[in-house]
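Some features that Swiss-Prot has for this protein:
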type	residues	note
ACT_SITE	Asp319	active site, proton donor/acceptor
ACT_SITE	Glu503	active site, proton donor/acceptor
BINDING	Arg159, Trp166, Asp167, Asn203, Arg212, Ser213, Gln214, Arg284, Pro285, Glu286, Gly317, Glu518	substrate binding site
COMPBIAS	554-570	compositional bias 'Low complexity'
REGION	545-570	region 'Disordered'
SIGNAL	1-34	signal peptide
Amino acid sequence: MIPPEIRRSVLLQKAIKLALAGTLLTFASFSATAADPSSDTETPQPPDILLGPLFNDVQNAKLFPDQKTFADAIPNSDPLMILADYRMQRNQSGFDLRHFVDVNFTLPKAGEKYVPPAGQSLREHIDGLWPVLTRSTKNVEKWDSLLPLPESYVVPGGRFREIYYWDSYFTMLGLAESGHWDKVADMVANFGYEIDAWGHIPNGNRTYYLSRSQPPFFAFMVELLAQHEGDDALKEYLPQLQKEYAYWMEGVETLQPGQQNQRVVKLEDGSVLNRYWDDRDTPRPESWVEDIATAKSNPNRPATEIYRDLRSAAASGWDFSSRWMDNPQQLSTIRTTTIVPVDLNALLYQLEKTLARASAAAGDRAKASQYDALANARQKAIEMHLWNNKEGWYADYDLQNNKIRNQLTAAALFPLYVNAAAKDRAAKVAAAAQAHLLQPGGLATTSVKSGQQWDAPNGWAPLQWVAAEGLQNYGQDDVAMEVTWRFLTNVQHTYDREKKLVEKYDVSSTGTGGGGGEYPLQDGFGWTNGVTLKMLDLICPQEKPCDSVPSTRPASLSATPTKTPSAATQ
């Protein structure tokens, strides 16, 4: 059971109430230890709620170059006491806000710069990074925004000092490739724990991430573990798979055609699909000032509406992209919650198929049939509503205008990745991706240059893997090889020059990290490491594995087990 509430005396509460001039913030109980989760777990509050006006003032004062710094700071005493002191001191002559923060908070430490041994190959460098990126937070400090987890885990790197949901699947691919199945099992166990504790897998293990999830890759994680442990893994995590599905589908039973509820939407024809959603409509604590500035730049929209759409874009993993905006040059035109994403629905199709498989493994044929029926219904809805027949590619659906959107993005490859695409349509997507997104350094996220990081000219490791796997699933091996080879060459050239792997790459050429977005380019980097290892083994034969990218392009991809399109998608 999650440890009990932080108890305070009535006298203390009264004193704080007076100090705050009638403003008393409430605290929910939270765990300082990763204990067995239980149904009476209360949601811990994020720092913007715990610290109220102090949090707002510190972030608006821009005391730190990165707004995430103070969001990750740990109060040294009860936040109510700190707030009371702040109220009493802030108007005094000579008050120094930075000094007050330094006295009352423990700031996150900058990670030590990793200097790899000289002469390492790409594979050796990645294998050497796994222990460097591994963290254990079974116990955390009281009032820390970090949420404890029972097992160790691998973080992305750089400013990302916690585990992230969808990042982790691609990191786990690399861990498995390196033979670290124990770490894969630990990370799956952590996500299962989070589902039991919070009802879903949050964006990351921070209190300020609890109001949203991320692209649902838990089914893929369990399937990966099942490659090593067999159907026992499917049976073990069936309850958590069911809980995650319930989270995404919450409220579907009462929806009428044309209505939406949180993460689920019902179109006019009765088709059920999903969207990204954040339960809160305030600035993100980790990007507080930026979100306030974005909202102020568009006074024609309610700020709360913009905040929720910014948060929901963070839930999508694509924060930010022209994909979510009416005007690619104006972030305040973002409207994530009115868009039905093709990649999200492809992933939920996979979740339904995995639920069917896990139910069958557990001996529940009736449930397996129900999940198969749900998957088939979603596959039909994807083909009906998320296919742009005029352009010839999969795209997002616009709820505001009740029509398919025209923009081609790397998300168009997700139906191929989960084998939910019709074969003729897969061929059209392959041709479109090759013509419009394939660049010298890999697959571009979109063809739009907006200055946002999930747009051109950036390419991201997870999207390269999804594309390569999806194209292979439908026999588009030559295009798959081009994506794989070009991206690996980009990674190798950057590594040769800088001796590191980075979060994203400029794919308009090779050998350059990507730009744009809210923070500087990060290195490490979890998902790039994982995808690079998988791709190295994809282009080199099993009998002669390569430790670095070959200097010449292989004739074809190595034979690897891939998913076969189901009969419904032939």
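Just so you know, glycine gets a Cβ as well, placed from its N, Cα and C.
Taking the C-alpha positions, the distance from Gly317 (substrate binding site) to Glu503 (active site, proton donor/acceptor) comes to 13 Å. In terms of C-alpha distance, the listed binding-site residues Arg159, Asp167, Arg212, Gln214 place Gln214 closest to Asp319 (active site, proton donor/acceptor). You'll find the Cα of Pro285 (substrate binding site) roughly 22 Å from the Cα of Glu503 (active site, proton donor/acceptor). Between the CA atoms of Gln214 (substrate binding site) and Glu503 (active site, proton donor/acceptor) there is a gap of 17 Å, rounded to the nearest whole number. Over all protein chains present, the Cβ of Pro285 (substrate binding site) has 26 other Cβ atoms lying within 10 Å. Local packing around the Cβ, expressed as the count of other Cβ atoms within 10 angstroms, is greatest for Arg212 among the binding-site residues Arg159, Arg212.
Counting only the Cα atoms, the space from Asp167 (substrate binding site) to Glu503 (active site, proton donor/acceptor) is about 10 angstrom. Fewest Cβ neighbours within 10 Å among the recorded positions Asp167, Asp319, Glu503: that distinction goes to Asp319. Annotation note: Arg212 (substrate binding site) sits in a coil segment as assigned by DSSP. All protein chains included, Gln214 (substrate binding site) registers 21 other Cβ atoms within 10 Å of its own Cβ.
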